[in-house]
Amino acid sequence: MAAPWQDVVRDAAAVREAAAVAVDAALLAGLLMRTGEQPNASDVVNYAPFTLLPSAVPQALFEQAYAVQQDFNLLVDAVSQNKEFLEQTLASTIKVDDFTARLFRIYTQVLEEGLAQTVFLGINRSDYMFDCGQDGTAALRQIEINTIAASFGGLTSRTTDVHRLVLKALGKTEEATRLVPNNPAKGLALGIAKAWELYGSQRAVVMFLVEEVQRNIFDQRCVENELWNRNIRVVRKRFRDVFEQGSLDASRRLFVDGQEVAVVYYREGYVPQVYDQQSWEARLLLERSRAVKCPDIATQLAGTKKVQQELSRPGTLERLLPSHPGAIARIRATFAGLYSLDEGEEGDRIAATAIADPDRFVLKPQREGGGNNLYGEELREVLEKIKDSPERTSYILMDKIKPQPALNYLLRAHSPLQVSECISELGIFGVYVRQGQELVLNQAAGHLLRTKATEHADGGVAAGVAVLDTPYLL
């Protein structure tokens, strides 16, 4: 699907001029990242990578993605509360995947002790691609749902204005007015603020749990500043700060460095590499506390690939959302083919099919953060190696989605200006807050479009592969 400026892509002089305008506009708008050389310093920064031109997105599929987000919020919340479902679904995975197993052990320990937390906050992002059928029609297909540290809600809030200016500079003023307003940072902060309010202490702070290496700090600052604008105090701490400074009082209120914490917003904690023994102890302390965790550990487990695969089985959605037939239909309409590699006849058959025709599938491990999936010959080699081993149960298979490529320029600092054949991925942010059994907030909070060159099979913006983009609805 070509946007109405594919003529511009071939005009070298217009592209050079537009790129200069775009880069300055990005810097002016605060579309920023720290540099790889100094990832913890803000005295040297550069613009976050982004497309020169907005990418075409089918309006009907864009609206479908928004319409189903509240349903996915309901589903994630339902999964997080269903101990039996999580136990059954992850039983095979925790035998072979140590990271998921350790998360699950904390989950069961906290449940046995009794939850101190009464307010629950979910910030998730459901990611989709547009699968192009043989007849040329596109269908919305879910890639995954991210339930922890879903990023770029801040920077994408700044991207639309940059692209609007670029279109005006190219003489496409009418098209510039058609870009959809987008401010996920405001929506995410609304959810955090509601959870903070329901926690019930004006003195308590919101704690962003952050990485040791913080290149993407400005994305987080966008959300932070929205909270400061509401007079909600924000602190930034790492796992090691929690380990060294954290404690619970008799009623399991969480204190870090002497400050009571109402909400813990995780921007860390989704990959095994960040956990040493101190980090695991800090994570347990956080989970045992009364503070609102975003996500709590049950919701992080609800976002695993194995859960995603199990949700696609016939009857599973009906079991989890028995009184929501409309939501079930809308959710199921977005599913791609998902297949279990559990030990047994079904898993044997699926593994053999994928080895015989690897280009039909994507092999997905239980990991977040981008850059983990396997394709083509690499998929075949890994499956050949693990096909007779329990290790294969730590993966799922998904049908490979085949979007229609389009030409664009991917603007990166210190990189040559050259045209690329690109594909895009649309994410919809969702926010919900539950107090006890009552859902007090449930909404879509904005969108994120990421685009990458077709030569890259996998990877997001933080992984250095995809760039930020803006949808132009057709």
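Any Cβ shown, glycine's included, is placed from N, Cα and C.
What TrEMBL says about this one:
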type	residues	note
BINDING	R125, 148-151, 214-216, Q220, 267-270, R450, 461-462	substrate binding site
BINDING	E144, K305, 364-373, Y375, 398-401, E425, K452, D458	ATP binding site
BINDING	E144, N146, E368	Mg(2+) binding site
DOMAIN	204-302	domain 'Glutathione synthase substrate-binding'
Which one of these binding-site residues, Y270, Y375, has the sparsest Cβ neighbourhood, judged by other Cβ atoms within 10 angstroms? Y375
A149 (substrate binding site), Cβ-centred 10 Å count of other Cβ atoms over all protein chains shown, is 24
Could you check which of the binding-site residues N146, P365, E368, K452 is the closest Cα neighbour of R125 (substrate binding site)? N146
Neighbour count (Cβ, 10 Å) for K400 (ATP binding site): 19
Which of these binding-site residues is closest to Q220 (substrate binding site) if you go by CA atoms: E144, E368, Y375, K400, K452? E368
Cβ density check for K452 (ATP binding site), other Cβ within 10 Å (all protein chains) comes to 24
Can you tell which of R125, R215 has the least company, meaning the fewest other C-beta atoms within 10 angstroms of its C-beta, among these binding-site residues? R215
Looking at the binding-site residues N146, Y375, K400, which has the shortest Cα distance to E268 (substrate binding site)? N146
DSSP on the domain 'Glutathione synthase substrate-binding' (204-302): how many residues come out helix, how many strand, how many coil? 41 helix, 26 strand, 32 coil
Looking only at C-alpha atoms, tell me how far K400 (ATP binding site) is from N146 (Mg(2+) binding site), rounded to the nearest Å. 19
